[in-house]
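Marked as transmembrane segment by Swiss-Prot on the basis of similarity to another entry: 33-53, 77-98, 113-133, 178-198, 226-246, 288-308, 320-340, 347-367. As annotated by Swiss-Prot, heme b b562 binding site applies to HIS83, HIS182. If you look up Swiss-Prot, you'll see HIS97, HIS196 marked as heme b b566 binding site, on the strength of similarity to another entry. According to Swiss-Prot, the ubiquinone binding site annotation covers HIS201, on the basis of similarity to another entry.
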Amino acid sequence: MTNIRKSHPLMKIVNNAFIDLPAPSNISSWWNFGSLLGICLIIQILTGLFLAMHYTSDTMTAFSSVTHICRDVNYGWIIRYMHANGASMFFICLFMHVGRGLYYGSYTFLETWNIGVILLFTVMATAFMGYVLPWGQMSFWGATVITNLLSAIPYIGTNLVEWIWGGFSVDKATLTRFFAFHFILPFIIAALAMVHLLFLHETGSNNPTGITSDMDKIPFHPYYTIKDILGVLLLILVLMTLVLFTPDLLGDPDNYTPANPLNTPPHIKPEWYFLFAYAILRSIPNKLGGVLALVLSILILIFMPLLHTSKQRSMMFRPLSQCLFWILVADLLTLTWIGGQPVEHPYIIIGQLASIMYFLLILVMMPVASMIENNLLKW
């Protein structure tokens, strides 16, 4: 008799995706982040659901409803801080996951990679709208500044911004629609993640060497389930350490002041995970140019398969490309730091140089390094 997990229509899908899935025998801990992102999404949906039960999306009561959650709701404070810091953990895992894809050439799985980039944009949109909901000073001004960027689009810009706002400024209509979108998007993300997995399982996983592993596969369970559980435990350890000891470490103190349209904070900045893109935006004096650079800083990922000039897939045996990859990581950390600094000397010039370096590395230096390495193979 066939095992029920292999014959039952529903369990068969789960079995083929998480139990009997043939996986390469040599994938490292860098392959843990996919499952960690799944766990992050589940944590965010669950904590978000419980927060939504007590939150009111009205400009008059939004801020006090968040205060009420923290003060009066049973364990409301832990749910709120798990949700806020869970977003940070989500982005840490996302950046590691994308970095792994760049390093090991996983972007050659075109469909999987493209869905992944769409997922990245969707998660960023969700996080941005979620940051607006507590209706603190940084929520309000962040929403005003970022939505206002769309006015740089020629001809339709102003109308587009007012359409998104639902009026002539960020107000009640904006908050209500942002709450609606923030609630629905995680479920769309979950659906997209399933499509992401569907495409991945068509080709099978990549591995650190970048060469086919068809002749050396092992079952996902128990080998990688146990490995993933270790990753999950470490993720929860870091998350709960943040939540229970320094819940406001990654937040902005300005967001503990209720939103006031008449008082602009001295330094408007987004959450830490958007700072690199914000630094690129600010480093270009022209508004439309800045917006284009901002979008391109993420959209450039779509073009990675086209920029791949190497004869090898992975960077494992390409020291020159490895060096440039880690310079790119350092450059992104520099941009993140600059994004949180005021617009004054010497931060302006550092930001501009780091922005130029970012695009140069991806568009010019890495493809050229790959070609040099191709020629070195002939020696």
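Every residue, even glycine, has its Cβ placed from backbone N, Cα and C.
Since we're looking at a predicted model, the values are computed, not measured.
Sequence-distant neighbours of HIS182 (heme b b562 binding site) (same chain, 6+ residues apart, CB-CB distance under 8 A): GLY48, THR126, MET129, GLY130, LEU133. In this structure, the CA atom of HIS97 (heme b b566 binding site) is 20 Å away from the CA atom of HIS83 (heme b b562 binding site). Long-range neighbours of HIS201 (ubiquinone binding site) (same chain, six or more residues apart, CB within less than 8 Å of its CB): ASN16, ALA17, LEU21. Using the rule of three or more Cβ pairs under 8 Å, pairs at least 6 apart in sequence, the transmembrane segment (113-133) is not in contact with the transmembrane segment (320-340). Residues of the same chain lying 6 or more positions beyond the ends of the transmembrane segment (77-98) and with a Cβ under 8 Å from any Cβ of it are 30, 33-34, 36-37, 40-41, 43-44, 47-48, 50-51, 66, 69-71, 116, 120, 123, 127, 130, 235, 238-239, 242-244, 247, 250-251, 271-273, 301. Rounded to a whole number, the distance between the Cα atoms of HIS83 (heme b b562 binding site) and HIS196 (heme b b566 binding site) is 24 Å. Within the same chain, residues 69, 79-80, 82-83, 86-87, 89-90, 93-94, 96-97, 100, 130, 182-183, 186-187, 189-190, 193, 228, 231-232, 235, 239 sit at least 6 positions outside the transmembrane segment (33-53) and bring their C-beta atoms closer than 8 Å to a C-beta of that stretch. Sequence-distant contacts of the transmembrane segment (178-198) (same chain, six or more residues past either end, CB-CB distance under 8 Å): 17, 37-38, 41, 44-45, 48, 52, 55, 57, 112, 115-116, 118-119, 122-123, 125-126, 129-130, 132-133, 143.
Spatially close to HIS83 (heme b b562 binding site) yet at least six residues away along the chain are GLN44, THR47, GLY48, LEU51, judged by Cβ distances under 8 angstroms. Its Cβ placed at the centre, HIS97 (heme b b566 binding site) has 20 other Cβ atoms within 10 Å. Note on HIS196 (heme b b566 binding site): other Cβ atoms within 10 Å of its Cβ, all shown chains, come to 21.
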